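Trainee: Structure in structure tokens, see below.
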Amino acid sequence: MQGLGYRVWDAGFGMQGSGCRVWDVGFGIQDLGSPPALPVVPTLAASSPKSIPTPFPLLPSMVSADFCTAAVLISSGAVLGRVNPIQLLLMTLLEVPLFACNEFILLSLLGISDSGGSLTVHAFGAYFGLMVSRALRQPRVDEGGEQQDTGRQPDAFTVLGTLYLWIFWPSFASATTAQDGAELWAVLNIYFSMAASTLAAFVLSPILYEEGTLQAAQLQDAALVGAAVMGMAGEMLLTPFGALVAGFLASHLSLLGSRFLSPILSSRLKIQDTCGVHNVHGLPGVLGTLVGTLLAGLATADAYGGRMESVFPLVAQGSRTASSQAWWQLCALPLTLILASLGGSLTGALLRTRALRSTPKSPEMENKVLREVKR
């Protein structure tokens, strides 16, 4: 049942992203096309730092592959509507090995605790996609017809995708914590964070936007934000109060970024963020990493008891102190950002080659191409 939840979560992710204006079909096809990456990841990252108690030996690799799929979907949200299917496929093939490399370095070599992927999935996927978007920028085309995500159109697919995420994301993000009761804490903390994030959207959104009413897209983003910030800290928090505070702050950070930072990214840094992945995944992922770093530094054997072995195994074994674990958690952030930025820039440069640069003249034409099959 849990394995079914992983794929339904993936489908829900795609349906929620399909609300990005008129590029819905492109995102849906990218979501359906991303599972071919699944066999690649277990080959590149066969050794998982955390074992999942299961009678199915391939399940840990399948979970890792699904995490990779999520990162690819996040990255594609930054360039949606500006690339053709061939470019999306090539971007996926290039991102998968880099994701596996970053995950292996952080989880296996550095001993980082990031069970839900605040850093390895959300932050990596967001900044990889943003750098690809910057490299793909065409000044004449972009200035002539701005495709910035100035407003999503809520529809049945986006609402259905949000419901899927509420139902299946907590179990998906806590899949690698199924040891000594840690999974239950992670699931509860993610739910608390998503609820606080949604509540914060009701509070701040009418203040920041002239409409004065909460938009459906902002509710959808709030659910994503609350889950993204709990990726690393979900299994670390021992009380719901921390999850509520983290979700509340993450929602505010996302809304403020959408209101004030997105125009700067577009005008000054020349980065077009079609689906707002920087505000929904990038910033919450960074905040979640900082929260996880703080919790790692405060971890004690008295507080965690028997759970210390599953949450911070190196600290429990005496190989590290809590402060050194926190230091390594923090060092993982710039390392991930550097790998994502360099990889995204190089990928974008490759996708700009004349042989691949054949985007349709309009999003409507793109959807027509993707819908119609010649007989």
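Backbone N, Cα and C atoms are what each Cβ position is placed from, and that goes for glycine too.
Automatic, uncurated: that is what TrEMBL annotation is.
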Trainee: Tell me which range among 211-234, 283-306 TrEMBL lists as transmembrane segment.
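Mentor: Going through 211-234, 283-306 one by one, TrEMBL gives transmembrane segment for 283-306.
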Trainee: Restricting to the same chain and to residues at least six past its boundaries, which positions have a Cβ under 8 Å from a Cβ of the transmembrane segment (184-209)?
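Mentor: Those are 115-116, 166, 169-171, 173-174, 177, 215, 218-219, 221-223, 225-227, 229-230, 233-235, 237-238, 240, 242-248, 250-252, 255-256, 259, 307, in sequence order.
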